[in-house]
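Novice: The structure is given below, and queries will be raised subsequently.
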Amino acid sequence: AAIIYNYSNNQQQQQFSSSVLEQELPPPDEKEAMLPGEQNNETLETRLYWRRFAVLAVFSLYSLVNAFQWIQYSIITNIFMDYYNVSSIAIDWLSVVYMVAYVPLIFPATWLLDKKGLRMTALLGAGLNALGAWVKCASVGPGLFWVTMTAQIICSVAQVFILGLPSRIASVWFGPREVSTACATAVLGNQLGVAIGFLLPPVLVPNTADDKDLMGHNISIMFYGTAGVSTLLFLLTIFVIKDRPPLPPSKAQAVLSTGPAEDYSYKKSIINLFKNKPFILLLISYGIMTGSFYSVSTLLNQMIISHYPGEELNTGRIGLTLVVAGMFGSILCGIWLDRTKTYKLTTLIVYVLSFIGMVVFTFTLNLENLLVIFFTAGVLGFFMTGYLPIGFEFGVEITYPESEGTSSGLLNAFAQVFGIIFTLIQGQLTTDYGPLSGNIFLCAWILLGIVLTGSFSYLQAFLSLISSVTED
């Protein structure tokens, strides 16, 4: 029998009808929540609000633009090398700077999310994203590479306030049966940005090597368009995104939201996470997989152009295929986790299939058949990109009740570290020895990730055995 609780707060009740966005809906599988150890008859309702979809949509869109700005240089590396008269390594750094900025800044950004809330973090992410886009507009000129690097640094700082939000938005705004799907959708926005970043730059900025003025004009069109869209999304962020709904969407959030804020210690949370051995294994395996994806995305132009000169447009389309397939993988994996909650098994299976996809992509790249590359890139993207939301949700699952912002922040930090290492090493291997050696390097690391992922179950069983022996 359900125990019904009524949470009386006049100010919250007034907010219920203040907007169509805040129309109430009953949660899909629960209507009430009880605090553990409750000694009185005070009650607490749970509710779902239509506004959650607007919050998710706005976040996903400005995350999309930020991801677009990350990859817009790398997919036409040869064109920007020619325009700015710099090396391929310099263009690679326009991507790597996203990863470098993330590592030292994730800790203050995560602290800000936990202390100041979702809204403040979202405003910083969207605002810096728009600012960086406008600075890029001032970088159109053959001698202004340093300006475009400065703009990319600003965008990379914005990214720090974006990547840790999917699990927070999902858990704070969505019901128990929606959390994994909402998280996957939020991650999907970032992936869609990468997809568009693969597709549009080769179309907007064709290789007009004989006409630098036309090339600069085309680059300015891309930069001004990005700036306009990112500014609109910043304004929408101001009006749409709030820290949390008036009433929590789930029992878990009801319990957490009523806990005393002063009991939370960010430092203690970090320490607890690093004492969690399964989470340490996840940090490394997630870093390997996501770092590999970052490296493949950054170096895709160099891989394809080395075998198919002049195929900038098809290179972008191959990148689009890789990410769009991954978007479907993300959605399907999110739905699967919502239905089954089989985190460990799903993580291992997707990891193994990603390894197989990487091996097939590696050894078919030199077949001189673009259709085969489209297919193998799609298979690789479906599993490799589909792994990203699984890692987020698995991290939240094995670290509860620690803050999901902290766990996802650490996961992303390790992803950036591996992304930096993989991109620089694979890039050098590709330049010196060709794409095959660089891709084999990634395959070896992904194989190690499979071993670490397979160790989760054995480690948890061992820890449970030790715990039971100690208790006895």
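Glycine residues also receive a Cβ, built from the backbone N, Cα and C atoms like all the rest.
Per TrEMBL, the features are:
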TRANSMEM  53-73  transmembrane segment
DOMAIN    55-461  domain 'Major facilitator superfamily (MFS) profile'
TRANSMEM  93-113  transmembrane segment
TRANSMEM  120-137  transmembrane segment
TRANSMEM  143-167  transmembrane segment
TRANSMEM  179-201  transmembrane segment
TRANSMEM  221-241  transmembrane segment
TRANSMEM  278-296  transmembrane segment
TRANSMEM  316-336  transmembrane segment
TRANSMEM  348-365  transmembrane segment
TRANSMEM  371-390  transmembrane segment
TRANSMEM  410-427  transmembrane segment
TRANSMEM  439-459  transmembrane segment
Novice: Rank 179-201, 221-241, 439-459 by Cβ pairs under 8 Å to the transmembrane segment (371-390) and hand me the top one.
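Specialist: Most contacts with the transmembrane segment (371-390): 179-201.
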Novice: The transmembrane segment (143-167) and the transmembrane segment (93-113): do they have three or more Cβ pairs under 8 Å, with pairs 6 or more apart in sequence?
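Specialist: In this chain the transmembrane segment (93-113) contacts the transmembrane segment (143-167) - 3 or more Cβ pairs sit under 8 Å.
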Novice: Check the transmembrane segment (348-365) against the transmembrane segment (439-459) for contact, please; criterion is three or more CB pairs under 8 Å, pairs 6 or more apart in sequence.
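Specialist: Yes, these stretches are in contact.
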Novice: Do the transmembrane segment (410-427) and the transmembrane segment (120-137) share at least 3 Cβ pairs closer than 8 Å, excluding pairs fewer than 6 residues apart in sequence?
Specialist: no
Novice: Is it the case that the transmembrane segment (439-459) and the transmembrane segment (221-241) have 3 or more CB pairs under 8 Å, with pairs at least 6 apart in sequence?
Specialist: no
Novice: May I ask for the residues of the chain that lie six or more residues beyond the transmembrane segment (143-167) and have a Cβ under 8 Å from a Cβ within it?
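Specialist: Distal contacts: 59, 62-63, 66, 69-70, 73, 84, 86, 90, 93-94, 97-98, 100-102, 105-106, 109-110, 112-113, 118, 121-122, 124-129, 131-133, 135-136, 182-183, 186-187, 190, 389, 392-393, 395-396, 404-405, 407-409, 412.
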Novice: When each of 120-137, 278-296, 316-336 is checked against the transmembrane segment (221-241) for Cβ pairs under 8 Å, which one has the most?
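Specialist: Stretch with maximum Cβ contacts: 120-137.
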Novice: Quick one: mean pLDDT on the domain 'Major facilitator superfamily (MFS) profile' (55-461)?
Specialist: 87
